[in-house]
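Taken straight from TrEMBL:
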BINDING   Y102, F151, E154, V155, F156, W157, R158, T159, Y160, F161, D255, G256, D257  FAD binding site
DOMAIN    151-279  domain 'Cryptochrome/DNA photolyase FAD-binding'
Amino acid sequence: MRGRLKIKSNSACLWGTNDEDAEESRFAPENLPDLQAPVHLAQEMGKRLGSSEILFEEMQVGHMTEIFPELAEAKETISFKPTRTSGLKRLKQFVGRAGRHYTGKRNYDFGTDQRSNVSGLSPWLRHRLITEQEVLATVLASHNSDAAEKFVQEVFWRTYFKGWLEQRPSVWTHYQRDLLSALERLKFDQGLETRFNDAVNGNTGIDCFDHWARELVTTGYLHNHARMWFASTWIFTLHIPWQLGADFFLRHLLDGDPASNTLSWRWVGGLHTKGKTYLARPDNIAKYTEGRFQPKNLAKFAEPLTETAEHPLIPLLTPQEPPEGPYLMLLTEDDLSADSLMPTSPAAAIGLLATHGRSPNPIAGAVADFAEGAMNSALEPHGKRVQSAEDWSDPLIEAARDTGVKTIATAYAPVGPTRSRLDRAEPLLRDAGLSLNRIIRPHDTITWPHARAGFFGLRKKIPSLLSQLNLATQPRP
């Protein structure tokens, strides 16, 4: 008599990974891996399944990694091309692994050539070449809500950070002010200047940290867990102001986002959740890099950072209605899928960049190129090219007059450089007889009100939020 193994069918960011599921962090198949060792595979099957005989005809190929997760760690790099097509291609490539494989492997940083365990979607999501709702819909069409729970939570982490900062914009304002002060300190504090230069150039002597500094500058991307370790080492071992580290990230990350980046650094330092810090431990780094790094001389204690500033909660803005009648559509780097929010096609479109407003320091060429390339890709159907201007009022007024419209419509820009430019331009647009409609996505409208305190309050609402977004699924037996 032969045994039968039944396989359940599961066919179907940010900073954001966890340490062995013990604590929530704050920071981000269609290809079958090569079976290079069939004999070893058979031996492992015998060890793990005993005398049970698998009826392979009852299994789908993608489910092999449910039993042998190591088979999924094939060589896989991510090509960050700034187009919607590339983002959707990566989503299709990853979606089969967004369930239990992601849950079990997402914490591991296997290196730049082994990214099969993470989605790598953050650059496309940051610019909304693809949207959170699209990603969630795709994943939940392929996995039940139980299997995809961790991945779904990571998508909502990004939305949580944006909603939290939207209700406490003074955090961004104070960060910008304190960054300028820290940059001034570099001019007269030689010890700080030396530590800072060693850190950004990867010359600290801490092997993993130096590797990640060079990887960030070279690729524009870091595994989410590496971002946490890096930030902790920066703050507690190297004793460099966190604002300088956040700026370093924001200048070099393709997915650099004011909310996720600023609040993640604050969380590591003990400012976001007051008094709760994240300490990078050598054993944890060794485990989750599979021994690639075994750092020494890391801080053994993380004294929480403090601040005197209060950041009062302010109400969210009332959503505006989409335009009626002819309008000029403005695309910004915060949402390059704005046309999906509009009831009709625009009379014309214009794209304006705010990339260089992310920092008073120069932005990495790869970051600027990704933002510009993404916007040109989004503008291509409209026959337009991106424009760059510090004052957005003049190009908007000129484009509206050339088009003969009185309304400019754009996707709502949350706190950050794009928002600042829109806020400065709006009074001048009004004086010119033009109205500016900032349209908030339903995903944000529904979720942001639950981002008033910690993430766990929002996390409890995720099933309800998915239902409101028409994305709910029922757990399968």
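Numbering starts at 1 and runs along the chain as it is shown here.
In case you wondered, yes, glycine gets a Cβ from its N, Cα and C as well.
Non-local neighbourhood of F156 (FAD binding site): T447, L458, R459, I462, L465, each in the same chain, at least six residues away, with C-beta under 8 Å from its C-beta. The FAD site in the record is lined by Y102, F151, E154, V155, F156, W157, R158, T159, Y160, F161, D255, G256, D257, and its two most distant CA atoms lie 23 Å apart. Over the domain 'Cryptochrome/DNA photolyase FAD-binding' (151-279) the predicted model carries a mean pLDDT of 98. E154 (FAD binding site) has a Cβ environment of 26 other Cβ atoms inside 10 Å.
In the structure as shown, the Cβ atom of Y102 (FAD binding site) sits within 10 Å of 23 other Cβ atoms.
With DSSP states grouped into helix (H, G, I), strand (E, B) and coil, the domain 'Cryptochrome/DNA photolyase FAD-binding' (151-279) comes out at 97 helix, 0 strand, 32 coil.
Taken residue by residue with DSSP, Y102 (FAD binding site) is part of a helix. Taking every protein chain shown into account, R158, D257 are the binding-site residues, and of these the Cβ with the most other Cβ atoms within 10 Å belongs to D257. The C-beta environment of Y160 (FAD binding site), restricted to residues of the same chain at least 6 apart in sequence and closer than 8 Å, consists of T447, H450, A451, F455, L458.
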